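Have a look at the structure below before the remarks.
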């Protein structure tokens, strides 16, 4: 499969590559997405035994659960049932995926560390791993979002790299965890462009994740891959507002188009990103469409308009208290744009922030979609069905 610029790399020819050594895979995180990823890693560790050691360790934040009428530790239940009965019930994981309650054990034993924890915990988790990483190890971040501070916008892969002193790539795409776990076909994108001293080829990284139902393409544009997964949540909020107002498909298509352009503009303005990433890869337009057609950000934004309830209330009612990432990201992005004096350059992102936090009437979103006079004064028009 081809990417942009240079050829995208897949795992299709992995068996023709002679590995320098068999690598161990560790998964940091065990929610529904973390467990789905661990399942994939476990399957590939067995399928490519000359590339990977069979055992895949998955760090599980230890907690007690009710299981068959008894109080049991979650790790014990997983290793007995080969199923994450709390976060991904009904999905069997291969027996070579082992749950461990100590993230330090995963850190010590893995050559490839796959990070799938909620973004608000990543720094704390990395702090526990400092000084324990194997020489030559690399990371892959499956965490969607960006870290924003007064210093600027950082990718979570950058946070991991800085904390642990390793190279870290990114995996992102139109990947709903439950659908992936049920082996419904989807595509994903890996951004992996390590320095020369990293001794693990991209094909081997792709082979950690590539399955017949989980099609992987690896490209160089790490920033573009990461930002697609973060910024699409803001656009999904805008489409959710439109759903709440019962606007039609034409209007929602316009929102998605404008949103995609702002995603692309943000990535190329503030990062060294290829503009084609957003339109050619699953991490861009495909993930955007999936989120806009019914993800949690879309649903909560629709309910925000229809019920008049605050986003904080809807987070409790619809998300079990989890943070609504689209709204939070819009706030982070808005504060960053203020420091750059570029708020007006991203009108859709700004509108989502203003509706979410500044009492802007959602109906005024339509104003953002109307072209400025100077943009259209020289355009002709034709009628279409």
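Sequential numbering from 1, following the chain as shown.
For all residues, glycine too, the Cβ spot is worked out from N, Cα and C.
The record from Swiss-Prot ties 29, 30, 31, 32, 33, 34, 121, 144, 177, 325 to NAD(+), and of the options 72, 211, 296 it ties 296 to that site too.
Swiss-Prot records phosphoserine for one of 310, 376, namely 376.
Among 144, 296, 297, the residues given in the record as binding substrate, the maximal Cα to Cα distance rounds to 14 Å. Listed in sequence order, 31, 32, 33, 35, 36, 88 are the same-chain residues six or more apart from residue 177 (NAD(+) binding site) with CB atoms under 8 A from its CB. Ranking the binding-site residues 33, 121 by other CB atoms within 10 A of the CB puts 121 at the bottom. Closest by Cα distance to residue 296 (substrate binding site), from the recorded positions 121, 232, 325, is 325.
Using CA atoms as reference points, the recorded positions 144, 232, 297 were checked against residue 325 (NAD(+) binding site), and the closest is 297. In this structure, the CA atom of residue 121 (NAD(+) binding site) is 13 Å away from the CA atom of residue 144 (substrate binding site). Apart from 144, 296, 297, the substrate site neighbourhood in this chain, defined by C-beta within 8 angstroms of the site C-beta centre, holds 233, 236, 291, 295, 324, 325, 326.
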